[in-house]
Amino acid sequence: MPLARSSWTTRLSWITLSGWTGRRRCGALQIQRPKYLCHPFPWRQRRRYTCSGRPVRMADRSANVNGAEAPFQVPREAFRQVWTSFALRTEASRVKMVMSQLGTRHLLRLPRKQSVAADEGGASTRRLVLLRYLAADCGGKNELPECSNWSREFVDRDRADLYRHLLAEETASSSTTTAAEPLSAWLTVDDLVTHDVMLDYSYFSAEYVLRRLLPESVTVPSSFEVVGSVLHLNLRAPQLPHARLIGQVLLDKHRHVQIVVNKAEMVGGAFRTFGMQTLAAHPGATLVTQVRENGCTFTLDFGQVYWNSRLETEHRRVIEEIGKAAVTASERFPVRVADAFAGVGPFAVPLARQDIPVYANDLNPDSALWLRRNLRKNHVPPGRCFVSCTDARAFLQHLLVTERVPVTHIIMNLPLQAPEFLPVLLGAIAPGRPMPRVFCYCFEGGEQGAQRAVDRVAAALAAPISASAEGQHVPEPKRVRPQEPFVFQAGRDEWQVRYVRAVAPNKAMFCVEFVLPERMGRAREALREAPSPER
């Protein structure tokens, strides 16, 4: 039966379709078909439109690790260590009393290891209380495990020496001890035995393993970002030849991580994404992951959209500020938010869950797709958040000028270019609509980064700012004098610049927050004809 041609088809010689299961989590299935295909499951077909109105395929472009190299073989056996330590054999019922008598002076303190072990060669009712004194030096080639309190004081010495040492220590501290029964009353030389403490690759931290395996001239990666099940590295040039080793060790040491990637290109492009290299991954791992932030669950494809977990605090701060404004807002102008660069919804979804109408936009079709899914996943009622996929200028122009939506807050979180979009607000506020509060993010460097951020925003709006003026934001007079240049007043227009986070050694992210002045936001006709709106 011939295949029908539909608008979903693509003019490619061969295409790759994803495998389908009841939960749509199947791995990639390679299917070769001739061009001009219809959708393989027409009843599941959904359409998504670009700015030009042309439908595009709405399939998950989850970055499966196809063709990934075999896992790097870490020499795990090289980390197998056997440390012979002295221990004190006692009845299980007396363990608590013995440990309190010995105290921290004599007990072994080894992270992720218990100080009490079973007496394998003795009765089942007996236990071994491990002491901090080594009986053998593990061949003398291994350094003591980090954070341990092992001592080599009694290495290759008789246990009678340790017995006398314990009694001498008890005598020296007898004035402060409160034990009902002293060690000398029950401790004998035969109670001191040796016990082998086994340490292997799974015990040691990633930093310890990499410090042992990497050359001395190569530093161990000190920071990385974990986004759900994806671990994201930004390796430096000396570390790149050892990238697969670093990735495999980090994958082994973080049980919730499924895939480790390295940033191969700088963040850029219209969608703020970057090329990445897969260093290590579990079988079937993809870049589709889930992140929990500010009480919401976000699902995203880390390879196709932008996400930064380090911005969680900033997201929370803005969400809380807008939430407080929603409580005190007037009935005439309730809070409405326009998110011009919404991404997958770190601002939009939590705000919509607070019954705040949100107009969210992102130029990246994948971001808009995941944003819609996240709204459904977080049980946001239909009509609470309106999602669009277009240029931010066209989005704000349509929202403010064409639809005349009374937006009270505008979020512009595109630090590389956000100030360049501010001119679209000039003359865009309709008569009788409130003047919005703008959150404009930007990158700046140097010691005067905050001042540069303010100057950049002021330059984009073609108006300088004066920090000396005080007072509240008041409407401009109806009669406009074009020959008088507009000057921002810091107090009146509620200007403030805030440091968000460090991006690089000489580069930081700032948020410039201000209320759009009425003389700039209104068209001249609106200033002449319309009364001042209540705020």
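Cβ from N, Cα, C; glycine included.
On a predicted model such as this, the values are computed, not experimentally measured, just so you know.
As written in TrEMBL, here are the features:
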| type | residues | note |
| --- | --- | --- |
| BINDING | His315, Asp362, Leu363, Asp391, Ala392, Asn413 | S-adenosyl-L-methionine binding site |
| DOMAIN | 224-518 | domain 'SAM-dependent methyltransferase TRM5/TYW2-type' |
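Once the Cα atoms of His315, Asp362, Leu363, Asp391, Ala392, Asn413, the listed binders of S-adenosyl-L-methionine, are compared pairwise, the greatest separation found is 22 Å.
Counting only same-chain residues six or more apart in sequence, the Cβ atoms lying under 8 angstroms from the Cβ of His315 (S-adenosyl-L-methionine binding site) belong to Glu293, Asn294, Pro346, Phe347, Pro350. Cβ contacts within 10 Å of Asp362 (S-adenosyl-L-methionine binding site), excluding its own Cβ and spanning all protein chains shown: 30.
When secondary structure is read from DSSP and collapsed to three states, Ala392 (S-adenosyl-L-methionine binding site) falls in the helix class. The Cβ neighbour count for Asn413 (S-adenosyl-L-methionine binding site), using a 10 Å radius and every protein chain shown, is 23.
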